[in-house]
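If you check TrEMBL, you get these features:
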| type | residues | note |
| --- | --- | --- |
| BINDING | 17-24, 85-89, 139-142 | GTP binding site |
| DOMAIN | 8-277 | domain 'Tr-type G' |
Amino acid sequence: MQLEKEINKRRTFGIISHPDAGKTTLTEKLLLFGGAIQEAGAVKSNKIKKGATSDFMEIERQRGISVATSVLAFNYRDKKINILDTPGHKDFAEDTFRTLTAVDSVIVVIDVAKGVEEQTQKLVEVCRMRKIPMIVFINKLDREGKDAFDLLDEVEQKLELKVCPLSYPIGMGYDFKGIYNIWEKNINLFSGDNKKNIKDTIAFDDIESPELEKLIGSDEAEELRTDLELISEVYPDFDREAYIKGELQPVFFGSALNNFGVRELLDCFITIAPPPLPKKAEERAVTPTENTFSGFVFKIHANMDPKHRDRLAFIKIVSGTFERNKPYLHVRHQKNLKFSSPNAFFAEKKEIVDVSYAGDIVGLHDTGNFKIGDTLTEGEQLNFKGIPSFSPEHFRYINNADPMKSKQLEKGITQLMDEGVAQLFTLQLNNRKIIGTVGALQYEVIQYRLEHEYGAKCSYENFPVHKACWVEAEDPNNEEFAEFKRVKQKFLAHDKQGQLVFLADSAFSIQMAQQKYPTVKLHFVSEYK
Ligand code: GDP
C-alpha cells in the first residue's frame, strides 16, 4: 500500500504558454509556496532573449539553463509536485511536444491583454488531441486587458475548449480590486503587495450579502453579482470527471508577478489534478500502481561539458518504482542496464536517489544507449506509444565537409537525432541525408556540436521542401501505390524509424497527390495509427 500512497501523492504537470505570458514567474511563485526556494529570481528563464547576444549563443545559454529547469519538484501540503519545463520559443516546440507525453496535466497561462497567442494555440491543440486535463490561468490582471467574458469566449473559440470559470476578477488594470473565488467561495482583495499575507481571504458564501458593498463599493458589487449570475447561467458547473477526461477546462484569474490568485490556483490544482495516469504501450495499457517498474525516455540532454560526451536521459516512471543499481531491460536493445547514480530533482537541484515512484522523473547518465521514446521495464516486452514527430519547417541536405572524419560525422548525426535535436530523412534514391528542423537556428547548433563534441565538420545545401508527410498505403501491393512511388521517387525518404515519408515541395503537390492517389494516405504526424 506504500506504493499506492506514494504514487497518489504525485502531481506531474507542465505549464504551457506563449513566451512572455508569465510561465517563469508563475513557476517561481509555485515554488515559493512549496518553500522550495526562498526568494524571487531563483528560477531562471529558459527563453531566448532577443538582441542580447547572437541567437546561437542564446541557444547554448538556454541549453545550460534547461538542465536546471527540466524538472522542478517540490512538496506542497501532502502532495509531491513535479513541474516539467516546456520551452515556449517556437524553435523548441518539438521539445515541448515531447514533454507533453510525460505530464499528467497542464496549466495554460494566458496574458490578459494579448489573449490567445500563436504558441498557446499550437500547444493546446496537442494537449486537446491527447485529452490532457488542462487548467487555464489568465495572468497579468494588474494590467489593462480584455474584458473577462470576451477572453473566456476567445479561449473557447480559438482553443476549442469548454471553459468553466472557477474564479472571477473584480475590476481590471488600474481598477483591479481583487478576485472572487467561485471554487472556494471567498474574496481576495488586491493590494499590489506581493508579500501580503496570503491568508487575507474573506470567506464569502453569500454573494447577496450587503457586506459586499462595503468591501468593494456598490457599483462593483452590483457588477460582480450580475457577472456571477451570468457565469452560472452560461457556463457549466465544475465536473471533475469531465476535467480529467479533457472535456472541461477550469479557468482562474490572477497576477503571477504580484503573487495574486496563485495560491487559489495551486490549492485547486492539488485537489482536482490527476495523480499519475495509466499509459498505453503498444502491447497494453500500464497502470501506475502495478508493482513492476516501467518507464520511457522523453528527453535527452547533452552535457554542457564537450569533453565528456555523457548525456542525461529523462525517464518518466509510468509504473512501480525505479531503484538504484537494479537491472532494467532496455527493450529496444534487449539488454539489461543498471544505473548507479540516478538523479531525482528537487527545486532547481538534482540529487542521487535510491527509489523513485511512478509519476516521478529520473535523470539517467547515458553514453549513447538511449533515444527518445525508448522503454525500460523489469523484463516485460513493452513499448510505450505516443512520441510523435511533426513535419519540420526547414529542410537541408547535410554534407560531410571533412572526408577524414566521416565516421565521427555519422556517429554525431545519429546521437544528435536520438536526442531529438532535429529529424533525419534519408532519400530513397541516393541515400543522401536531409536534416529537418523546426527553427533555422538548429542548423547552427548541429554544426557547432558536431565540430566540438564529435570532431566532425558539415556543410548544408538547400533542399526545398514544403512539408514532410508520412505515407500510409491502404494497400501496399496495389498499382496506385506502385505508381505513387515511381512518380514521386525523387521526393521519397525514410525517417529514422524507417517509415516512408513524402517530402512535398508545395502545398499544391500534396493536394494533387491526395487527389491522384486516394488510397495513399498522407499524414502530417508520424504517429497516425
Ligand atoms: P514567460 O516567457 O512565459 O516565462 O514569461 P515571464 O514569466 O518571463 O514573464 C514575462 C514578463 O511579464 C516579465 O517581465 C514578468 O515580470 C511579466 N509578468 C509576469 N506576470 C505578470 C503579472 O502578473 N503582471 C505584470 N504586470 N507583469 C507580469
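Cβ from N, Cα, C; glycine included.
No curator has checked TrEMBL annotations; they are predicted automatically.
Sequence features, as recorded in TrEMBL, placed on the structure.
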| residue | record | DSSP (3 states) |
| --- | --- | --- |
| S17 | GTP binding site | strand |
| K23 | GTP binding site | helix |
| T86 | GTP binding site | coil |
| L141 | GTP binding site | coil |
If you count other CB atoms within 10 A of each CB, which of S17, D20, K23, T86, H89 wins among these binding-site residues?
K23
Filter the candidate list S17, D20, H89, L141 of binding-site residues, keeping only entries whose CB is under 6 Å from an atom of ligand 1.
S17, D20
Residues with Cβ closer than 8 Å to the Cβ of L141 (GTP binding site), same chain and 6+ apart in sequence?
V112, P169, M172, G173, F176, I179, F190, F253, G254, S255, F260, G261
